[in-house]
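Engineer: Structure provided below as structure tokens; questions to follow.
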Amino acid sequence: MDCSGCANNLTRALHDVAGTKNVNVIFINGTAEFDLDTEVNSLANVIRSAQQATRYKLTPFSSDTQSIVVTMDARDADKFCGHLPRGVDHCEKLSKTTYEISYDPCIVGAREVLAGIHAQLGPPPSKSVADTGKRRLIRVFALTAAAFVLTTPVVVLEWGRPSGISEHTTLIIAVVLATMVQAIAVPEFYMPAMSSLIYNKMVEMDMLVVISITAAYFYSIIATGFFFAGVELETRPFFETSTLLITLILLGRLLAAWARKRAVEAVSLRSLQASTAMLIDHRTGGAIEIDARLLQYGDSIAILPHSRIVTDAEVLEGTSEVDESMLTGESLPVFKTPGKSLVSGTINGGGRLVARVSRLPGRNTIADIANLVEKAQGSKPHVQDLADKVAGYFVPVVCTAAVIVLIIWIVVVLKLRKQPAGDAIGTAVGYCIAVLAISCPCALGIAVPMVLVVAGGVAARGGVIIKTADVIERGFRVTDVVFDKTGTLTEPSLEVVAEMIIPTNQATEEVVLSIIMAIVRGTKHPVSEAVARALDGRGIQNIEIHGLASIPGCGVKAQWQGLTIRAGNAKWLNLGETPLVLEFAAQGLTMLCVMIGDHQVALFGLKAKLREGAVGVVRELQRRHIAVHIVSGDAGRVVEDVAAEIGVPRENVAAEKTPAEKQEYVRQLMEAGKITLFCGDGTNDAVAVAQAHVGVQIESSSDVTRATADVVLLHSLDGVVSLLDVSKAAFRRITFNFAWSAVYNVLAILLAAGAFVKVRIPPAYAGLGEIVSVLPVIVAALTQPKLKAKK
């Protein structure tokens, strides 16, 4: 695919096939996604129909299973493929001795699959976006090189025929070579243009090229026929025009293909995936190097000093500092000890680690983030819809302009210049061809997707995962940023700094502690986890509770011996005015209150440090005249203390808010005309995240796929500012690309049409338009500023 028009063509073709829905074609990546009702149609039929309608070569692939490529002889292959072992889904023949085996890694491992057959591990399958771009680049390069070799003699003979070569010989050579160049154009221009016209009833960019090169070629053929018949037309054959047009347009497409490949590779997180691993042999204790594709769940791997971590794993032995900046944007290394998680693609420091594989290559954090980024790159912001609409009118407008130019020049040459009809037609055809060939909607077509590819990759490498392209369009317009407090402005882990246990007749202190431990162990919340850590190691006995249920924004409740147990904030439990609660509140502590029936039995006071960089982020937002708000479910004094510490004005602080009230706070800002960004940790603010124009969630890198927000920040709060920077830079480039596309096409068509008396673009050079129009767009996209690691 060479432009967004090609993507639209494939989208229509897939939509028209029975059983498909939710079609999404990603032009830059060269991929298409859709849902298929297999009871209505098969994947093979869908691909066959789409290929027939578009003439594109389509290759299916799935990310649901693991696959390895092996080489084995036909006899072993027939035996294996005829009786697939448990866990192996299918075996597909790729070439004479090469087969791809897909399997479920939860049932069988890669080494176990190989152990059951006489086969060797082959090269990895080329199904990635980068591989697709490489194949396209090689194909276009081959066509361009062939066209260049054939065109050069034609140009030399037409523009400077050597002495000793007759014009008859020159024309014969030109006819042969020009015909061969036309043959090169058949699969690249003629077939896509005719497929679009016949199957989709659409006239696209390729049709403009076809009309111009066909007109130039056949006029030259006719003029050559008259020449050999002894009747020479006023305008002689110009085979160099059709051959140069084809060569220069191919050169432009080669440049665009190279730029797309470079853009994808430059920001691809998949390049962080190591290709080999050091597997621990449990029998000898030594480590052997294996292909990373042969790793299995439960394997122990050695991670050598200063090497890249091959996949997600849990540290078993050793300590080391790990550089996670390429995924999180944090420049400071993270200290790893036994029990800590390792993330694929990060760099080990000076220590040696032994770790247990928790996720396989292709299913690890690198793959998760790369999939999210590629999905975002394929989504369309509203500005892309505008570009598609304009591009839809482009071809008909240019064709109309070309016809008008043809008529005007025939009239001018006949009536004003008083020249013969043959000369008038030849001159007019030349101008008409130039108009058709010079016009180029490609710059408009790639203006948005090229920028999105680079912006999404730049952001991801800075620890900002953009999950929908609309964020790029809305981010730079943000006027108000609303932060949750706990786990967002403050560290996600709290510490218990004060506690009070109040036994009752029904429950002794030991029973109360057992009940609390049972509740907090079954709840995933920063407050519960902090209390669980504080109680751990006290030798508290297990106790059985029933009906444990979480109440978002309030707390949890359960049943014990017919009594209702409630643990949560003081407001929910109506304890806000009790002396103990007031005392803890005066100290600015976050509180967990526990009640059995109508009796308060415990009160915990917790405190959290501010997140590193929180003050700097708030100040930077305020420097940009962006209003900063804090809305939290915590007690008023606690929230106000944090607000005062980071510089948020009191009127922009809302405390003791339920999730619904947080959503309402955001909604009121939006109704007031504010473009709102909400940033939370996803614990109890999902509705507010969804309500805002831009929803941002802070997650650990291993949890990124579970985040529901538009944007995921990997650990660092500085990502909020980085997001706004990426959005602003990207939208500036999109605006420039639109402006350039408009200016180029207007000026180029006027020059090609002969609107300026002394300056014109000859039809032979009109093919340069593809390069001139696309090059600035590519440069603008590839020069987006990189995000710096946050210190």
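Cβ coordinates come from backbone N, Cα and C, glycine included.
Just so you know, TrEMBL annotations are computer predictions that nobody has curated.
Feature list, courtesy of TrEMBL:
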DOMAIN    1-59  domain 'HMA'
TRANSMEM  137-156  transmembrane segment
TRANSMEM  168-186  transmembrane segment
TRANSMEM  207-229  transmembrane segment
TRANSMEM  241-259  transmembrane segment
TRANSMEM  390-416  transmembrane segment
TRANSMEM  428-458  transmembrane segment
TRANSMEM  738-757  transmembrane segment
TRANSMEM  763-782  transmembrane segment
Engineer: With the transmembrane segment (207-229) as the reference, find which of 390-416, 428-458, 763-782 contributes the most Cβ pairs under 8 Å.
Structural biologist: 428-458
Engineer: Mark yes when the transmembrane segment (168-186) and the transmembrane segment (738-757) have three or more Cβ pairs under 8 Å (sequence separation 6 or more) and no when they do not.
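Structural biologist: Taking Cβ pairs at least 6 residues apart, the transmembrane segment (168-186) and the transmembrane segment (738-757) are not in contact, as fewer than 3 fall under 8 Å.
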Engineer: Could you name the stretch, out of 241-259, 390-416, 428-458, 763-782, with the greatest number of CB pairs under 8 A to the transmembrane segment (137-156)?
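Structural biologist: The stretch I would name here is 241-259.
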Engineer: Give me the mean pLDDT over the domain 'HMA' (1-59), rounded to a whole number.
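Structural biologist: Averaging the confidence scores along the domain 'HMA' (1-59) gives 75.
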